[in-house]
Amino acid sequence: MGMVTATAAAALLASPPQGHLGRRCHLVVPGLRLRPPASSSPPHAAPPLRLSNFVPRCYITNVEVDVSHTSEQEALDDHPPLLPACAIPVVHLRDVPDASPFPLHESASHSTDFEELPVLSEGELHTIAATPAHPAGLYALYASYLFGNLVEQLWNFAWPAALAILHPSLLPVAIVGFFTKLSVFIGAPIVGKLMDHFPRIPMYTGLNAVQVATQLISAAMVIYAMKNVTHASTSAVVLKPWFIALVAAGAIERLAGLALGVAMERDWVVLLAGTNRPVALAQANAVLNRLDLVCETVGASVFGLLLSKYHPVTCLKIACGLMICSFPVLVVLGQLINRFSCHALDSSRTPSDESICANLLDVRKIVQNGLSVIRNGWNEYKQQTVLPASVATVFLNFNVALAPGAIMTALLMHRGISPSIVGAFSGLCSIMGLVATFISSSLVERVGILKAGAAGLIVQASLLSVALIVYWTGSISQRTPLLIFLAAIALSRLGHMSYDVVGTQILQTGVPASKANLIGGMEVSISSLAELVMLGMAIIANDVSHFGFLAILSVSSVAGAAWMFCQWLGNPTDEQRELFMFDPHFQVEPM
């Protein structure tokens, strides 16, 4: 047979039930490519079908061609009219196999050109689960997170230290901290909603600009106060315009910083690591937590070193220089993240971004829109399948007594504990938090994210219970009870940080991408409310003799978080099973 239309070759690959090759075929497969079978084919196999001179330019579809008795001219005369510039692709067929039918039943002998589909081994599946979807983009994300978080942590240590130098009272620092938490509680849901309906890269750039600008304003206010404010009463300081501007700028700066953290930890890292790659996502979350701990330590150490060598105003000017330099670097890193991830961050999450953003930014309806967003965010938050995991995270924020912090430091100093022991305790807690980031990814790999989360909460609750028993039964002024008390609290950080990593991954897996920032903002908002409540309790029970009451509240909150999570894990819903179908906890062993 001479030349026929290109798509007629598709009909030669499948024989109809008749005893000869079918006469008519519908041409519907453009761009056909046939490759000869491997050299290992059995000798009795039919000769391979070879195609040559294939020139795809235009395609003919739905054309009936008689491939047994039709001449080349007849085949070309029956096709529908073509455009003048359209050439007909042709295929030269040589060594056409015989016209015998191709048996499909199992007992028939046939060519083994079509092998079984490959099935991935367990090791290959594990390799895929541990390989990020966009590794280069993930490394760029680490760089951006490290640089931005380092400057942020340096400033978080700088402003309270500068205020403490400016005025001996703790009230100015407490006021700034209170309004910072209040702004997060009110503004986090609104910012989260806005982020869910706005392109990622422009939002990232805008938040960085707002954060750097407010940091510079705050630094300028503190520098102004150091140069112009002399010895003044506390009430006179907190009513000054520069202090009011400092409070407002500090609240906005903290809100922008938390929004950037939520975007990177709940949205970006999921896209770059891959939602269906649990091991890679767990490792990415662990790296982000390690970077956060490193930045927290290095930022405080760097500014403390600067304060020991230079005047506070000089130190603040150095910090301002770092802030100014950080903005263009962070913008470039954001673009690199998007480019290295094949523009994965450009993907749209909602179809009506512009209208919703314009409505949220309408100054005339800011209060109405704010209340509506908070109400809507609360309703969305309650309906999430992974709600118990998020509530457990909120409960952990009630633990302000049996954790490294201001209250624990005040207790130890009041009991006459050596500052070296207090410093060693804080350092040990940081080391345990760093170790937990390695343990959490290993736990996820071995038992899955759900059981890993339960293990972290149970460990923390158990060790804090030991610390509470030691506090009530023995005097921590003695060496042995003190060491057991501090060791139990330090080791409990293993469970706390492990669940912090795993709980984040559970929310990343269970919350839709279109609501990731809204739900994350609501969780941050509720967590800020929990911290405000516990700080209020600490203010009421401000005597050191009431520390036992705060310790009981702390242990109860952690135990409640563990019980709630285990109940959720032990009584799964169908939606929960479907959401975590690949988790070992819900996989049925073969009979």
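From the backbone N, Cα and C atoms, a Cβ is placed for every residue, glycine too.
TrEMBL labels come from automatic prediction, so no person has curated them.
Feature annotation from TrEMBL assigns transmembrane segment to 170-191, 203-226, 242-263, 315-337, 386-413, 420-440, 452-473, 480-499, 519-540, 547-570.
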Report task. Would you mind listing the long-range same-chain contacts of the transmembrane segment (203-226), meaning Cβ under 8 Å and 6+ residues beyond its ends? Result -> 148, 151-152, 155, 158-159, 162-163, 165-166, 194-195, 240, 242-243, 245-246, 249-250, 252-253, 256-257, 259-260, 263, 312-313, 316-317, 319-320, 323-324, 326-327, 330-331, 334
Query raised in the report: Looking at the transmembrane segment (386-413) and the transmembrane segment (420-440), are there 3+ C-beta pairs under 8 A, with each pair at least 6 apart in sequence?
Result: yes
Report task. Counting only CB pairs under 8 A, let me know which of 420-440, 519-540, 547-570 has the most with the transmembrane segment (242-263). Result -> 519-540
